[in-house]
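Q: For reference, TrEMBL lists these features for the protein:
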| type | residues | note |
| --- | --- | --- |
| TRANSMEM | A:21-44 | transmembrane segment |
| TRANSMEM | A:64-82 | transmembrane segment |
| TRANSMEM | A:121-140 | transmembrane segment |
| TRANSMEM | A:146-174 | transmembrane segment |
| TRANSMEM | A:186-206 | transmembrane segment |
| TRANSMEM | A:236-253 | transmembrane segment |
Amino acid sequence: MGTGRLYAAVAAGGFRRYATYRVATAAGVFTNTVFGFILAYTYLALWHEKPDLGGYDQAQALTYVWVGQAMFAVMVLGSVGFEEELIERIRTGDIAVDLYRPVDLQLWWLAADMGRALFQLLGRGVVPMVCGALFFDLALPSGPLPWIACLVAVAFGALVSFAIRYIVALWAFWLLDGAGAMQITWLTGVFFSGMLLPLNVFPGALGDLARVLPWSALLQAPADVLLGEADPLGTYAFQLAWAAVLLAVGRLIQSAATRKVVVQGG
Amino acid sequence: MADLDEVPQVTRAGRTAGRTADGTADGTADGTAGGTAGGTAGETAGEQHPFGEYGVRSRVRDGLRAYRMIAAMWIRSTMAYRASFAMTTFGNFAATSFDFVAILLMFSQVDELGGYGLSEIALLYGTSAVAFGLADLMIGSMDRLGRRVRDGTLDTLLVRPVPVLAQVAADKFALRRLGRITQGLSVLGYALVTLDITWTPLKVLMIPLMVCGGGLIFAAVFVGGAAFQFVAQDASEVQNAFTYGGATLLQYPPALFAKDLVRGVTFVLPLAFVNWVPGLYVLGRPYPLDLPTWLAFAPPLVGVACCALAGVAWRAGLRSYRSTGS
């Protein structure tokens with residue numbers, strides 16, 4: 001089996017694993033839609049007070065809400081994904097078995113996580129977006145090009161999301177308990193991805209800072225590409241630069257960590 | 001096994017053969033039998049009661065006592081790692097602060113939202129957050145029920161001589177949830193200090209009324225949601241939509257939302273009684289649906305009624321439970 005086919009199979013496994021839980025997926029869609037409605041009404045009030053806030057008009061702001069709900073599960077903005085399992089394997093020592101396998105640890109988890117992200121996009125992204133479009137006036141592009149451009153940005157965003165969470169998980173080699181690290185990442189992620197409010201609404205320097213941090217690649221970037229507010233190529237460059245840096249850091253930590261591993265007998 | 005939730009009581013009274021039920025049993029003999037069964041757990045609540053009189057009141061008392069003991073056990077185990085407890089409590093505080101940070105960020109750009117100022121929204125936010133925080137602290141673990149039904153660990157709870165609701169509610173009792181309550185209280189405090197309204201005794205009384213009544217309403221939503229999970233199993237997110245979603249909705253004034261949505265959370269799932277209806281009375285603003293003013297005092301009654309309904313739903317759910325067999 002070629003390596004490409006191997007990782008494709010791992011990705012397909014990641015997809016199928018989440019596809020198994022249909023009721024849970026439907027329940028997630030329901031929750032995302034409910035939260036989408038609540039947020040949409042608050043944004044309506046906010047943009048009624050100040051039209052053109054952050055450079056968005058009202059329809060764009062509402063579109064942002066529903067893109068956010070669609071990205072919620074894809075980018076793992078409100079929960080934990082594979083990192084919980086990886087931390088558990090590190091804590092229990094099962095990781096030693098993984099390290100003996102003739103596959104690359106980082107690529108293995110990346111493939112599985114991309115499969116998951118694809119499922120979440122289809123399973124939990126499409127329906128809330130359609131609901132939003134039915135109930136509100138959204139600023140959706142008419143041609144296929146912006147949609148394709150947005151999907152590419154989503155893929156790169158998922159890559160950044162994985163890279164961040166991989167680094168967090170590897171800290172378990174030193175901390176042994178990942179709960180604190182996961183919680184901090186979760187908090188920063190929600191805040192700086194634009195899940196709370198679009199980053200262009202953040203005031204002054206805080207807004208500038210938020211826009212250069214990697215989390216803006218997760219939600220703000222794909223949303224702005226879809227809304228025609230950002231140049232796709234510049235956005236991709238930004239996302240890929242962060243992905244490259246974070247994946248490289250993850251790899252460095254991984255090699256440091258695997259040198260540290262002491263396999264206990266018994 | 002039509003009456004699974006009866007089993008615990010029978011076992012607790014030290015009886016193997018059936019329920020004697022309704023007043024036929026001879027009091028004295030059963031009273032002593034009960035004492036032996038409860039030996040390890042200290043005094044048994046039903047001890048002084050003849051088995052025949054084992055009614056709703058003693059069942060509730062038993063449940064509360066079991067709840068207290070299980071919760072105390074979890075608190076003891078949490079306190080074994082004090083630093084970790086402090087950190088997770090702070091994390092809970094920080095995480096729940098985010099909704100309010102979002103509101104603050106909004107108010108960094110505007111002076112009003114739907115005609116309401118920051119202090120007014122802070123009052124709605126604070127009361128909703130504290131009421132929800134209380135319910136979350138007390139029975140927030142109920143959302144785990146679906147998982148228990150799926151993996152079969154609910155069966156363990158069914159054979160214990162303790163009401164199942166008390167066991168599920170106290171399971172993994174998380175004292176760190178005080179973080180959410182603290183956060184809500186600080187926003188509420190901010191609102192009370194900065195609000196520009198004429199306080200009357202009735203309006204002052206309304207604040208604790210909202211928090212307690214609201215807590216009951218949210219508690220009912222938690223129990224009702226758990227009852228639903230007997231049927232739906234892995235739909236815990238649906239419950240989240242009503243619990244966390246409801247709490248988020250109530251943090252904003254009703255004027256922001258579509259009339260139908262406001263009608264829905266007033267008449268169908270009466271979340272509006274947590275803080276909207278009484279809160280707008282305190283703020284001296286009309287409720288969007290022309291409700292009579294006296295309804296502002298209804299939250300405790302609505303809360304009790306909701307809890308009764310949720311209790312019925314819970315019993316129905318428990319009766320319909322079929323073990324996975326694993």
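We count from 1, first residue shown onward.
Cβ atoms here come from the backbone N, Cα and C positions, even for glycine.
Those TrEMBL annotations? Automatic predictions, nothing curated.
Map the listed features onto the structure and describe their local environment.
A: Long-range contacts of the transmembrane segment (A:21-44) within its own chain (CB-CB distance under 8 A, at least 6 residues past either end) are made by residues 58, 61-62, 64-66, 68-70, 72-73, 123-124, 127-128, 131-132, 135-136.
Sequence-remote contacts of a segment are chain residues at least 6 beyond its ends whose Cβ falls under 8 Å from one of its Cβ atoms, and for the transmembrane segment (A:121-140) they are 18-19, 25, 28-29, 32-33, 36-37, 40, 57-60, 62-63, 65-67, 69-74, 154, 226-227.
For the transmembrane segment (A:146-174), the list of distant contacts is 71, 74-76, 81-83, 86-87, 90-91, 106, 109-110, 113-114, 117, 121, 181-182, 185, 189, 214-215, 217-219, 221-222, 225-226, 228, 232, 235-236, 239-240, 242-243, 246-247, 249-250, 253-254, 257, 260-261: same-chain residues at least six beyond its ends, Cβ to Cβ under 8 Å.
Outside the transmembrane segment (A:186-206) by six or more residues, the chain places 53-56, 61, 64, 68, 72, 75, 77-80, 164, 213, 215-216, 218-220, 223 with a CB less than 8 A from a CB of the stretch.
For the transmembrane segment (A:236-253), same-chain residues at least 6 beyond its ends with a Cβ under 8 Å from one of its own Cβ atoms are 106, 152-153, 156-157, 159-160, 163-164, 166-167, 170-171, 214, 217, 221.
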